[in-house]
């Protein structure tokens, strides 16, 4: 079969449900390992009480995630997307397994060597994120909007699932000897199984769905060089060089710089969403909210509420009357979120835990809702290769926002002796 898109309308919908399901699981897998590390922060705080692990691990993770995503975005037009994503899931699996081996090797004791080992694994998680998240967002951007929405919902669901597991393991092991450690090891055992499952889903199931074949053939017919190995995995041969020679204008595309300039507002939107969110979550919520009646459960409840509402927010745009598509309206809503900064400051200082839980929930809801509105709307109207490139550019902006937010999060410590 050549590059012509056979099957037209039938192929464009056949297998759509299973594609949405697989995208949801792939979104889960893209953040499951990292969310597991964040969610068991109470274990690492007990092991390394003097080193601010909730902040430092994030600060180690982000330069690798951001720096490598920039590199991959620059070379996205010629990169093998299939190998990139498979390498990312494989590294997630191996890094999660290494975390278990490190804890077993140190017998659950703290100290500088163990802390350095955990930081190295955090950097490997950042590398995996750069491989997978940018690759999948770019790949799914050239398909139907439901796929990118499902993937983004899966990212949020990974936080919900890890939070639920953490609450269950904390309750189950709280009164047992080495309870925190046992819960953490169970966590990363589940993570290893989940990452392996995502690797197999992407390698064996996703490329063979008719709707995925259809969109990848369509992208290849428009000049995309990133989908060749995916089509080969589905048993479809391509001859792009011949197609380019026959109709070179059909395969022309906007440069990455031109795409960025045309979508600079969307790029700024996604950057500002995550600058604000990561300047509060998870560091401020874990360390700076004071003492309350929930005791050691308080930070876990806040993080869980954030994750649940973040997931709900990512489904709201499916309701057409609630989806925000106006570009100026998106910018106004995103700028309004910066009112969260004084709100959290004064609530932590003067409010009780009920107000803090409400604010955290609203932070998560707006984060998820606005993320989907921006990433699902931006690729509309472009050819497949341009959608892939724009998806990679927006992920770079997202991770730049996360990294900036993580750095700004340290400002909450001003005047606290650190």
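First residue shown is number 1, and so on along the chain.
Glycine too: its Cβ is placed from the backbone N, Cα and C atoms.
Bear in mind that TrEMBL entries carry predicted annotations, made automatically and left uncurated.
Taken verbatim from TrEMBL:
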- 17-36: transmembrane segment (TRANSMEM)
- 56-74: transmembrane segment (TRANSMEM)
- 86-106: transmembrane segment (TRANSMEM)
- 112-132: transmembrane segment (TRANSMEM)
- 144-165: transmembrane segment (TRANSMEM)
- 185-206: transmembrane segment (TRANSMEM)
- 266-285: transmembrane segment (TRANSMEM)
- 297-317: transmembrane segment (TRANSMEM)
- 329-348: transmembrane segment (TRANSMEM)
- 354-378: transmembrane segment (TRANSMEM)
- 390-413: transmembrane segment (TRANSMEM)
Segment proximity, the transmembrane segment (266-285) to the transmembrane segment (390-413), 3 or more C-beta pairs under 8 Å: yes
The transmembrane segment (112-132) versus listed stretches 86-106, 329-348, 354-378: most Cβ pairs under 8 Å: 86-106
Maximum Cβ pairs under 8 Å to the transmembrane segment (297-317) - stretch from the list 56-74, 86-106, 144-165, 329-348: 144-165
Chain residues in Cβ proximity to the transmembrane segment (266-285) (below 8 Å; excluding those fewer than six residues from its ends, i.e. six or more beyond): 38, 41, 54-55, 58, 260, 299, 302-303, 306, 327, 330-331, 334-335, 337-338, 340-341, 344, 348, 360, 363-364, 367, 370-371, 374-375, 377-378, 393-394, 397-402, 404-406, 408-412
Range from 17-36, 56-74, 86-106, 144-165 with most C-beta pairs under 8 A to the transmembrane segment (354-378): 144-165
Long-range environment of the transmembrane segment (144-165) - Cβ separation under 8 angstroms, sequence gap at least 6: 12, 16, 19-21, 23-32, 35-36, 38-39, 133, 136-137, 187, 190, 211, 215, 300, 303-304, 306-308, 310-311, 313-315, 317-318, 368, 371-372, 375-376, 379-380, 391
